Amino acid sequence: MGLTISSLFSRLFGKKQMRILMVGLDAAGKTTILYKLKLGEIVTTIPTIGFNVETVEYKNICFTVWDVGGQDKIRPLWRHYFQNTQGLIFVVDSNDRERIQEAAEELQKMLQEDELRDAVLLVFANKQDLPNAMAISEMTDKLTLQTLRNRTWYVQATCATQGTGLYEGLDWLSNELSKR
């Protein structure tokens, strides 16, 4: 009974808590995205060794966002962050055609993990401001997202440095997670 009243109270007056894991290959723009969402500004970043964690409040949701480094030597550590993850943000450099296959393989590997079976997937197709950036349809194709069964996913075009598309992505994520 106490839990019911407490959850009703938080639904009416409080912010809903969500655990979000943000991963992707190195130099995709994860840390830039995190701090653009958190601070509303561009920060100078260096490659993330380990992780950054920040709370991002947006609308009625309090996202705890874990930004984990993407260098190939660090990727095996991603699995340590999977537990209790409700939303997975996979950031891809839309301009990096040479590594899109590598990104697709890493994403598919993660989506096989049991701990992420219920997580919704938001792909940020980042760096859309660059002239050679892949369109959303091409990105969806290269990441083989259309083969995903029993998984809610969405691809959002973004430009982290300008902030374009970031809040639209959070809107989609919050709408999907609120349904659960």
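Glycine too: its Cβ is placed from the backbone N, Cα and C atoms.
Under the heading GTP binding site, Swiss-Prot lists 24-31, 67-71, 126-129, citing similarity to another entry as support. For GLY2, the entry in Swiss-Prot reads N-myristoyl glycine, with the evidence type sequence analysis.
What Swiss-Prot annotates, mapped onto the structure for a quick look.
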residue: GLY24; record: GTP binding site; Cβ within 10 Å: 23
residue: ALA27; record: GTP binding site; Cβ within 10 Å: 17
residue: LYS30; record: GTP binding site; Cβ within 10 Å: 29
residue: VAL68; record: GTP binding site; Cβ within 10 Å: 20
residue: GLN71; record: GTP binding site; Cβ within 10 Å: 12
residue: GLN128; record: GTP binding site; Cβ within 10 Å: 21
VAL68 (GTP binding site): secondary structure state under DSSP, collapsed to three categories:
strand
Would you mind pulling the DSSP three-state label for GLY24 (GTP binding site)?
coil
